[in-house]
Amino acid sequence: MKESRNLENFVEKKLYECKKKYVDIPKDEGQRYGGKHYEALTSKIFEILRKENPELDIIIAEFSLEGSVGMLKIAKPNEFDLVFKLKFPYYKSIAVTRDPKIPGNVLLDMTRVLELLKDDPREDFQRIRELIQGRLVDAQNFFVVDRLRSWLQSLFSQALNRISYRVELVAGVVSHLKYRTCGPAHTIYVYGDYEYSVDYVPAICLAAEQNVLPTKQLECFKRANTSYWEAIPKPLKPLTETSMISFRSSFYAVEKILLQDVHENCRNAIRFMKKFRDVKTNLGNCKSYYIKTLFLWKIIQEPESYWLNPLSFILADMFDDLAENLRRGVITFFWDPELNMIDALTRDQVWEMYLCVQRIPRDLRGAEISRNKWSFFVLREFSHKKERNVNLKCSSRRKRNVIKGLKTTSICKLRNARTNGTWTAGLWTRPGHAYRGPSETVSTWDTVKDAAWSEGIVE
């Protein structure tokens, strides 16, 4: 029992050491990217957008930074997702229905909104009516995903052309910008002394009473006590009868509250799994939201005390969940269990992710791993090699010299201690003499590797 507790404490210590070095955002990086420059860029872009288009100025309600720097972001914060909410006049009169063809999506009928706007004498509201009717809805008054996307794309392009795709947000430092669209996002890439990207994602604001949630999810929504949710204009493939007018339901504010209301071990585990995903080249198809979704399900399935377990226990359990979901080829959308979020991936893509993840729970539990190996396991799985090299301030030559010394010293000591000049495991040795034969034992070389791994100098 005591040995088990000591191992548990050792594992926790190594995880938190790794977290501090490779998972947490360094304070200077958070200020550099998540602070003044990022805020100044967003203020500048939307100042121009509002000025160039009075209609957009009326309907933009607020901004929210998803996966905020202090909560779920990891390491160097150079990618951001910012949701800007579009609140149309009389938005509570939008007729919201579940998309019968696409789980997790809704249809937005603007008929009643247009009627109310038509009877409203205010000039700015008349311009909004003309915008909706002329550019954003189809003949049946349903909001069209691609029309909203095209309208916003033209506005972003105009705004960036206005400043020649460059800004000086810090005195004497010019940043160059590039713009593209991908899915629902309007992405701006920043180059120069400050390098990062921002996905600006539009979201149509809807009232709490307009939700179309199943019973269990509705309970979560009510518990969070939020007054709104959003519909995201996410283009869909393949095309269906409704895909052009189908918007993805989004409950980011509710998700944020659910994650904040449990112990920080939950959020730390999410960040570790995201770091693991970033380190592994064959997990490119594992989106951050898939990981977040697994934790949302866990929150409603387990008592609050679950999150008081050691971080190593939670991580192993959540990697088990991820592996099992990938094995079955299903990650269920939290807000509509009928939607399999990885359904669009091929079987080979899903299986590749499964093979990468399936061994991790066993290794995290560390039952058959020496402490030295476990130390390196944590480094290897939750940090990039380049990060480790920088942290160790260790040159390639120094690595080779240290490894060479470890091999010579460890083999000599091990052989002399074990064999004393006798025939062992098919290898003849003499006292004080080291010779590596073709039948060198695995345990000998494992011992050498353990010593190097414990120093974090060799993989």
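Including glycine, each Cβ sits where the backbone N, Cα and C put it.
The annotation ATP binding site is assigned in Swiss-Prot to S68, E79, F80, D81, Y252, A253, V254, E255, K274, S288, Y289, Y290, I291, K292 on the grounds of similarity to another entry. According to its DSSP assignment, D81 (Mg(2+) binding site) is in a strand. Every protein chain considered, the tally of other Cβ atoms within 10 Å of the Cβ of D81 (Mg(2+) binding site) stands at 19.
For E79, D81, D199, the entry in Swiss-Prot reads Mg(2+) binding site.
If you look up Swiss-Prot, you'll see D199, R248, S249, S250, F251, Y252, A253, V254, E255 marked as GTP binding site. Around D199 (Mg(2+) binding site), a 10 Å sphere centred on its CB holds 18 further CB atoms from the protein chains shown.
What Swiss-Prot records for H263 is Zn(2+) binding site, and it gives similarity to another entry as the kind of evidence. According to DSSP, H263 (Zn(2+) binding site) sits in a coil region rather than a helix or strand. In this view, H263 (Zn(2+) binding site) is surrounded by 14 other Cβ atoms within 10 Å of its Cβ, with every protein chain counted.
Fewest other C-beta atoms within 10 Å: among the binding-site residues E79, E255, that description fits E79. Cα distances from A253 (GTP binding site) to the binding-site residues D199, H263, Y289 are smallest for Y289. Least packed by the Cβ count within 10 Å, out of the binding-site residues A253, V254, I291, is A253. Around F251 (GTP binding site), taking its Cβ as the centre, 22 other Cβ atoms fall within 10 Å, counting all chains. Taking the Cα atom of each, Y252 (ATP binding site) and D81 (Mg(2+) binding site) are about 12 angstrom apart. Neighbour counts were taken at the CB atom with a 10 A radius for the binding-site residues F80, Y252, Y289; the maximum falls on F80. Under DSSP, F251 (GTP binding site) is assigned to coil, being neither helix nor strand in the three-state scheme.
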